[in-house]
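A.B. asks: I am attaching a structure below and will ask some questions about it afterwards.
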Amino acid sequence: MAQDRKKVLVLGAGYAGLQTVTKLQKAISTEEAEITLINKNEYHYEATWLHEASAGTLNYEDVLYPVESVLKKDKVNFVQAEVTKIDRDAKKVETNQGIYDFDILVVALGFVSETFGIEGMKDHAFQIENVITARELSRHIEDKFANYAASKEKDDNDLSILVGGAGFTGVEFLGELTDRIPELCSKYGVDQNKVKITCVEAAPKMLPMFSEELVNHAVSYLEDRGVEFKIATPIVACNEKGFVVEVDGEKQQLNAGTSVWAAGVRGSKLMEESFEGVKRGRIVTKQDLTINGYDNIFVIGDCSAFIPAGEERPLPTTAQIAMQQGESVAKNIKRILNGESTEEFEYVDRGTVCSLGSHDGVGMVFGKPIAGKKAAFMKKVIDTRAVFKIGGIGLAFKKGKF
């Protein structure tokens, strides 16, 4: 019987991959399949909390937990390694720690920052990408305040922060910044009126997923707390001084001691090397989340471009969608092991909340708009639920937001 066990290989321990494994380990016996999870880090991090760690309102250590803490060691083999190649036809995955065979493969390799080719953005701006970049950014911001306080010749740029992007990540980061700045000013004896936070967005509207009423609430709240918005203002370059923007056809230099890019992500760059038809690290999947020509390969999370039946555009890359995809794939792997056909993935939209710091927010929950403290509370519920869904009540109690 042991020789008949299928090899299930899962790449990535983000929301999608880890949800797949934690659901699958409960659904199958050790005789049915050998499950291997490969992740480049020994920890999982809550990607939707990175804006907090980046601003310094949450310690970076609170954003992560060991992958093995949520695994059943008798059912799942965890390998800390970096994937270097996926060979679909040979059913092999190459890593820096060896080669792994598979019968069923789940690709959930996550996201990296996308700068859209803007000159200098990768070199001169901080990215909100992982716990390492979050730690670097939060420390850099505090170092700038400390330097300003200690310097005899004050440089106002030390207290100036530029944020590129007024989408979800950018706005949530701005909200956390407005919570963090008063603490830093108090700690280092800095006049808060000297702090300058500017958000630059190329699109004509911020938070395009929300109504004008909710957007206006977010803008008013953040402006009241010191944020200046430059909407419909493309960033054409980034340098050591800050952003270069285009206004009425002319280039302008915006100066700041801290530049942050929060305007785009893409799927893993390994996707282009491993599959055809990949755009920005995402591949269009079939309705059961497998890919054309390979019924044994599932692609989920940030690497997946899932277009619901009857729709024209793929679903966005969110933690909620990734976790639902993980659940669906776990069920389908169980069905495959039972000799049954797979079922189509059906996304249930439970709503979206954008935090504006720890005390305010905007969102749509079950089709109804919410704002203010109610939205902030709901965001904490959503964050805690995500931890609970993967790690159970113990992890939710330890890492949750309550």
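Just so you know, glycine gets a Cβ as well, placed from its N, Cα and C.
Quick caveat, the model's predicted, so the values are computed rather than measured.
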A.B. asks: Looking at FAD binding as recorded in Swiss-Prot, which candidate out of Asp4, Asp74, Asp101, Asp302 goes with Gly12, Ala13, Gly14, Tyr15, Ala16, Asn39, Lys40, Val83, Ala319, Gln320, Lys379?
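C.D. replies: Same FAD site in Swiss-Prot: Asp302.
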A.B. asks: Quick one: give me the count of other CB atoms within 10 A of the CB of Ala16 (FAD binding site).
C.D. replies: 33
A.B. asks: Give the helix, strand or coil assignment DSSP yields for Asp302 (FAD binding site).
C.D. replies: helix
A.B. asks: Could you find out if DSSP has Gly12 (FAD binding site) as helix, strand or coil?
C.D. replies: coil
A.B. asks: Whole-number answer please: how many Å between the C-alpha atoms of Gln320 (FAD binding site) and Glu172 (active site)?
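C.D. replies: Cα-Cα distance, Gln320 (FAD binding site) to Glu172 (active site): 17 Å.
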